[in-house]
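Below is one structure; the comments refer to it alone.
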Amino acid sequence: MLTRELLATLIIDFFVAFGVIIGGAIIGGIGAFLIGKPPLSVMHDLAGSLKIWAIVAAIGGTFDAITSIERGLFYGTHDDIFKTVFMIFAALCGAQSGTLLIQWIVGESLST
């Protein structure tokens, strides 16, 4: 079930979500600096609010994941469900890792 191709997809999904968080927060921090807002605070806020978009970008940004789950439920192709869940989980891990890295750089806790 865990083929080389699926493992490669999971790694790509992780790093795409990670990159969306890191890149979005850093570029947003530069923009905040240019307009006179505190960049670290803006980076902190962006890291938290970009998570869902990082996951969407990592899984393709379309309804393929939902149709894949539908196929698994209604047509009996359960491998599609597992692959999609693994892809979403890998993207979640990447987004969370990126958020934690930004949190570490900024020095603030996201729960505050």
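Using the three backbone atoms N, Cα and C, a Cβ is placed for every residue, glycine included.
As annotated by TrEMBL, transmembrane segment applies to 7-35 (among others). Panel annotation: around the transmembrane segment (7-35), residues 41-44, 46-47, 50-51, 53-55, 57-59, 86-87, 90-95, 97-99, 101-102 of the same chain, lying at least six beyond its termini, place a Cβ under 8 Å from a Cβ of the stretch.
What TrEMBL records for 50-69 (among others) is transmembrane segment.
The list of residues near the transmembrane segment (81-106) in space but at least 6 beyond its ends in sequence, with Cβ under 8 angstroms from a Cβ of it, reads 1, 6, 9-11, 13-22, 25, 40-41, 43-44, 46-48, 50-51, 54-55, 58-59, 65, 68-69, 72-73. Per TrEMBL, the feature transmembrane segment maps to 81-106 (among others).
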